[in-house]
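Annotated in Swiss-Prot:
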type     : residues : note
ACT_SITE : GLU99    : active site, charge relay system
ACT_SITE : LYS277   : active site, charge relay system
ACT_SITE : ASP293   : active site, charge relay system
ACT_SITE : HIS390   : active site, proton donor
Amino acid sequence: MQVLRLDRRHYKSGKIRRAMSSRIPGFYKLSVEERLKKVAEFAGLSDEEVKAVLSQGLPLDVADRMIENVIGTFELPLGIATNFLIDGKDYLIPMAIEEPSVVAAASNAARMARESGGFTTDYTGSLMIGQIQVTKLLNPNAAKFEVLRQKDEIIERANECDPMLVNLGGGCKDIEARVIDTIMGKMLIVHLIVDVKDAMGANAVNTMCEKVAPFIERITGGKVYLRIISNLAAYRLARAKAVFDKDVIGGEEVVEGIMLAYAFAAADPFRCATHNKGIMNGISALMIATGNDFRAIEAGAHSYAAIGGYKPLTTYEVDRKGNLVGTIEIPMAVGVIGGATKVNPLAKISLKILGVNTAEELARVAAALGLAQNFAALRALATEGIQRGHMELHARNLAIMAGATGDEVDRVVEIMVRDGKIRLDYAKEVLERLRS
């Protein structure tokens, strides 16, 4: 395997100078090796890290220790979204995804947002919720009173579980309690509000819930059953905003089309499901690339969207100049320590490419990516339709499935797109003609 030569001019004291721009015109036209060289120079990847990207990223012995009954590893394409300027910093965003056009769409949206200064973001903090279910209570409201009266004791007991987290400024910060009606009668639900710092937080929160459960049983006289983290991270929100200049994105008609598409999603849950799915295309791809629990992120996002009726996670408005202003608010329980983020070699490399060191920064980037992905989808729907870009890339997959290799792939795709026949049988027919 040929090892790429990295341009050491971009290094200083062994670290990359991140003054390089993520705006890389023609990046998609480069070969895989040329793209990786650009990324390696941007992120300061070592020769060993470059080799890991080009070879099997997850060794079988590591995979066998991660989950049960391992028989192999399953790979996804790893792409790079370019052009992202977030809070004044340039990012190349790694995305692991099988769906065509997602990476290209995000890059194009980021290029348009960049014309107006890129994305600005906000983060509410790394607070997670641990739930303790208290049942069999004669007087649920009296039990709630007792929990809140002794919340300092509960917090102290919870923090005994993780002195290191407490020393870092994290730990259990508050207690909430509420009585709910269920088909099994009234229950008291106690929430531990835990600052998990740079972790996703499941292990720390679950351990705390289990630790304080006996004490809560004792002071309430009830029976505790579930003691587990909630994936609705309502206190761990990431927000992003971007202004899309009307002239850059195609004019007033495009702005109106996007606003009409947004209005459709805000009024109709059938459309809204697809609207929010498009947001998660980008975010989940980033989560997979960085070794985060994308199922937890998906669950939290859709649950948050459903509070008060299922609604879009993004909003769009038109400013006084006629430009489109997009915003997003989404729960973002991500981590940069623990779990697969430090076990999977490619996850570690993805975090290095991204250049983030904290969960907060990763959450901010994810929110910006989700907004970019959603804007790109709405713009495509409001103009040429989503299928054009999808089908051109789908044609490439079909050409490969038909057996095309090397330059044959481009020729088969060109003919299928020209003839408007994006089908596997036609791909095979075209390939047969080319080879005859």
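Here the Cβ of each residue, glycine as well, is placed from N, Cα and C on the backbone.
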Least buried by Cβ count (within 10 Å) of the active-site residues GLU99, ASP293: GLU99
Separation of alpha carbons, GLU99 (active site, charge relay system) and LYS277 (active site, charge relay system) (Å): 12
Rounded inter-Cα distance in Å - ASP293 (active site, charge relay system), GLU99 (active site, charge relay system): 19
Neighbour count (Cβ, 10 Å) for LYS277 (active site, charge relay system): 16
